[in-house]
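Novice: Got a structure here, written out as structure tokens. Questions coming.
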């Protein structure tokens, strides 16, 4: 059953046809019109009330309550420094401020790069933060209230990280702006040493006097190549900076923001629920399970979702995939195939196709050649968390 996704036009999205979201939405829905001055940020596929999908044939909204939400993001400007609350925190926040925290669910999420993708994820190793503070004096002056906190950082003690980051995030806007300007003028060598010069200059331009610019020195910079992924659990600080990705998450829209945004910030709440743990950037890359030459499964440590990636060359005439969990949503990124399964009419899939799979667990999906298409067939299928098996001809 084909679906039409829901498009969100947040200001950080890529504009017009430069946006992968706009490209996919136009192919997904022939009635969708792309404006060359409008940002197209997110394409949602699921049943979340803030952007439910509709059946293409009838226009009726998808009513099934799915545990996951599938998205495509196209990022021109950094998203906010943020965390997502765990379930108990989400329930309390939703009860207290339902206009801000839209639902009572947690929001673990995974991003898989479609293009070169840059983000911030988790705190750097503590000795690395110690080294940065020693070498960038204005940042140290703003972040270190007690000199012993530096000793704690050097000793890999998380209390030092907590104290320094909370001190930084509590600074006044004028002192934040002065610190950013001082670093910009006098610490080019250090910005190059830590490989953040370009990111720093971009964030400084887009978010003047914003403490999120300085968070860059505390957080890991993650650079993903197409096909690479990162997983973000509850209370893990992060921000997406640039690129296009497929994203899958628990069915929630809860965000606690603290920087790089004109939206409502809840710095006190963010600081209270943060996971103050340092780790190297490479530890944030999430590795999938390889089933065969065609299929990968991204299985995060949560029950809400997993993501199957299937890629077929034009010479691969047929492939049968058994979906072990139901229901699912399928998104075609590139190429064309025919899809057949018990209980459904044959569908011709192409870039932008979105299909709801409400079948019983164990259903086989048969992908067969659709003719003269010369492109790789790349598809993502989100399901509740379980494995999938295969066979191909």
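Note that Cβ sites are derived from N, Cα and C of the backbone, with glycine treated the same way.
Below are the features I grabbed from TrEMBL:
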- 257: active site (ACT_SITE)
- 82, 84, 109, 238: Zn(2+) binding site (BINDING)
- 4-58: domain 'Phosphomannose isomerase type I catalytic' (DOMAIN)
- 61-126: domain 'Phosphomannose isomerase type I catalytic' (DOMAIN)
Novice: Counting by DSSP, what is the helix, strand and coil composition of the domain 'Phosphomannose isomerase type I catalytic' (4-58)?
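Specialist: Across the domain 'Phosphomannose isomerase type I catalytic' (4-58), DSSP assigns the residues as follows: 12 helix, 15 strand, 28 coil.
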Novice: Under 8 Å Cβ-Cβ from residue 84 (Zn(2+) binding site), six or more apart in the same chain: what's there?
Specialist: 106, 107, 108, 109, 232, 234, 235, 236, 252, 254, 255, 256
Novice: With helix taken as DSSP H, G or I, strand as E or B and everything else coil, how many residues of the domain 'Phosphomannose isomerase type I catalytic' (61-126) land in each class?
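Specialist: The composition, in the requested order, is 11 helix, 24 strand, 31 coil.
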Novice: Which residues, same chain and not among 82, 84, 109, 238, have a CB within 8 angstroms of the centroid of the CB atoms at the recorded Zn(2+) site?
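Specialist: Those within range, site residues removed, are 83, 107, 232, 236, 237, 255.
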Novice: Around residue 257 (active site), which residues of its chain at least 6 apart sit with Cβ under 8 Å of its Cβ?
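Specialist: Sequence-distant Cβ neighbours: 80, 81, 82, 263, 264, 265, 266, 270.
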Novice: For the domain 'Phosphomannose isomerase type I catalytic' (61-126), report the average pLDDT of the model, please.
Specialist: 92
Novice: Where does the residue listed as 'active site' sit by DSSP, helix, strand or coil?
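Specialist: Its secondary structure by DSSP: strand.
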Novice: Relative to the Cβ position of residue 238 (Zn(2+) binding site), how many further Cβ atoms are located within 10 Å?
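Specialist: Other Cβ atoms within 10 Å of residue 238 (Zn(2+) binding site): 22.
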Novice: Measure the Cβ-based neighbour count of residue 109 (Zn(2+) binding site), defined as the other Cβ atoms within 10 Å of its Cβ.
Specialist: 25
Novice: Applying a 10 Å Cβ distance cut-off over all chains shown, what neighbour count does residue 82 (Zn(2+) binding site) have?
Specialist: 26
